[in-house]
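Student: Feature list, courtesy of Swiss-Prot:
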- E84, D103, L105: Mg(2+) 1 binding site (BINDING)
- D103, D106, E268: Mg(2+) 2 binding site (BINDING)
- D106, G107, S108, S109, N196, K262: substrate binding site (BINDING)
Amino acid sequence: MQTLAQTLASSKINDSLAQLILTLADTSKDISLAVRHGALAGVLGATEQENVQGETQKKLDVITNDMLKDALTAAGGVRGLASEEEDFVVEVSEQGEFLVCFDPLDGSSNIDINSLVGTIFSVLPAPTGPLTEQSFLQSGRKQLAAGYVLYGPSTMLALTTGQGTQLFTLNPDTQEFLLTDAAMAISPDTGEFAINMSNQRFWEAPMQTYIADLLLGDIGPREKPFNMRWIAAMVGDVHRVLSRGGIFTYPADNKNPNKPYKLRLMYEANPMAFLVEQAGGKASNGYETILDITPSEIHQRVAVILGSANEVDTCLSYHGIDYREEPNID
């Protein structure tokens, strides 16, 4: 099996981007170890702090954020970074050629129950001139690389540099990421969906109708049964979609009119959309392809519908001209 370093060396990307990816991968090994130590190291539970989204930070949120910041600062090549756990963009090096956006520990609410968590990252080109928030506000089409590391029974890295989506598995004996799927491919059709059903009454009409039809199964208009899956960590749900197909969605809702969307564009939706598209799937916010959205700020949130291409198209058909109403939740 090829190692990650060997795979990157044989790809078309330049050496500096390859080195940055290796830095992210090496740091994820340390994060994996911290996650596995859990209660033994006293790192479970919450802090008394909130992040910029108003969410209570878990201890491991803060620890893993600092691990990535320190590694990216020491590595060189990074102009600046943006994180779910940082209020503002962080300047790293004036000579850096890359911007890195990341969610250091996606699904951190799962930590205390020993369930799936992961790290999500996105790499963008750094524009010339002073570093500001505006430097980061590039559409997902500009991404040079994206990926996630899933900390589960195995530690796995899903990666794309625009040449397909590849899966690597960490060998616990050698601490090397080994290529275990050279070309991940999402089946176009599926019988699985992932959604947080507790918000059903707050969704827009198109999504309510779409999910209701899935639940009717073979006695409804879809004429086949569907199973629901929900891990409560985007990284876990998207990994399942990449591995065996499916549709994952976190739609707009009016539960809190001031926060109609849950997932962050820059360091959750964009990297996952890049991975999914490179594996033959599709990703949308219901009305626009996610990778075509121009961000307005680094912590912008969006609705997300991604996965098996035909099923995403079917979901989007419910958002067509006969269904679409401008939401009252902007």
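A Cβ is built for glycine as well, from the same backbone N, Cα and C atoms used for every other residue.
Can you walk me through where each of these features ends up in the structure?
Tutor: If you draw a 10 Å sphere around the CB of L105 (Mg(2+) 1 binding site), it holds 31 other CB atoms from the protein chains shown.
In the three-state DSSP assignment, the secondary structure recorded for D106 (Mg(2+) 2 binding site) is strand.
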Student: What other residues of the same chain, not counting D103, D106, E268, have a CB atom within 8 A of the CB centroid of the Mg(2+) 2 site?
Tutor: E84, F102, G107, G118, T119, I120, Y148, M234, V235, L263, R264, Y267
Student: What is the interatomic distance between the Cα atoms of S108 (substrate binding site) and E84 (Mg(2+) 1 binding site), given in whole Å?
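Tutor: Given the Cα positions, S108 (substrate binding site) is 12 Å from E84 (Mg(2+) 1 binding site).
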Student: Which one is it: of the binding-site residues E84, D103, L105, D106, E268, whose Cα lies the shortest distance from the Cα of K262 (substrate binding site)?
Tutor: E268
Student: Between C-alpha atoms, which of these binding-site residues comes nearest to E268 (Mg(2+) 2 binding site): E84, D103, L105, G107, N196?
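Tutor: It is D103, whose Cα lies nearest.
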Student: Return only the integer: C-alpha distance in Å from E84 (Mg(2+) 1 binding site) to N196 (substrate binding site).
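Tutor: Between the Cα atoms of E84 (Mg(2+) 1 binding site) and N196 (substrate binding site), the distance comes to 21 Å.
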